[in-house]
Amino acid sequence: MKGLKNQIMKKTSLFICTLLFISSIVFHPKITFAYPFWAQQNYESPREATGKIVCANCHLAQMPTIAEVPQSVGADSVFKAVVKIPYKNDLKEIGADGSEVPLQVGAVVMLPDGFKLAPQERWTEEIKKETEGVYFTNYSEEKDNIIVVGPLPGDTNKEIVFPVLSPDPSTNKEYHYGKYSLHIGGNRGRGQVYPTGDKSNNVVFTSSSSGTINSIETIEDGSYKVNIEKENGEITTEAVPVGPQLIVKAQDKINAGDPLTNDPNVGGFGQLDAEVVLQSPYRVIGLIAFFIGVGLTQILLVLKKKQVEKVQAAEGI
């Protein structure tokens, strides 16, 4: 009964997210998206066999992502995995309609099997305050160890706190104490390529052929058509959407691959790996006992040395 209830809640959450996504596009087209939604729809796992997180397939620019994870944690305990997505304050980028919009951010944390998002009833007051306004989702119903966040307003969410619950090997023999790896990705801004392979307007547009620019047509929506005349007299047309700025003019000679526009992108994606040790309480107790033993041994050696010195002094040695 509990499992059925959880499934219903997950499906309801996914449905609500989808509605929010669609309504955002329809009613707020100027917003710039850093949606993990696309990866969830197109990839079974967000991490390829090569180790690359799939967000990098659409977000081609690289920018740093920083993660802070405890060196070790106890079993069945809640800890914080902090993802930092740095960029300059008040940075703007080109939206889908060509207007300037604030950057948004998104992040994905791939936890080891058995680790998962901590239930809210176990969040501390500090965690509740740090995660206010942040909505966490699982990558899929089958993968509750992969947590996705975003899109969020970037200027107020450059640091995202993920509350994580560790497994308890004493109650579940599938998990073991030891060192585990986490895979983390953070993104700011729009991608350069859509999952379909089509370019967004947040990328450099280049010429597909060599020749002379015959003419440039400005379309009503603000986009352009660049007509290039090849050496054989054939005319090819390059479509440039609204947003990027042209850096060429009529009668310019260009080669295939030369840029026609500036690079409007100011965002980027970054990923990294981190490690955490699931610490056995018995190991901690053993370590404490070891240190106590070492301390007692040193004390006994000092006492023995003093005793020997007293005997030697009494015997006149």
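One is the number of the first residue shown, and numbering goes on along the chain from there.
From the backbone N, Cα and C atoms, a Cβ is placed for every residue, glycine too.
These come from Swiss-Prot:
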- 1-34: signal peptide (SIGNAL)
- Tyr35, Cys55, Cys58, His59: heme binding site (BINDING)
- 284-304: transmembrane segment (TRANSMEM)
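According to DSSP, Cys55 (heme binding site) sits within a helical segment. The Cβ of Cys55 (heme binding site) has 25 other Cβ atoms within 10 Å, all protein chains considered.
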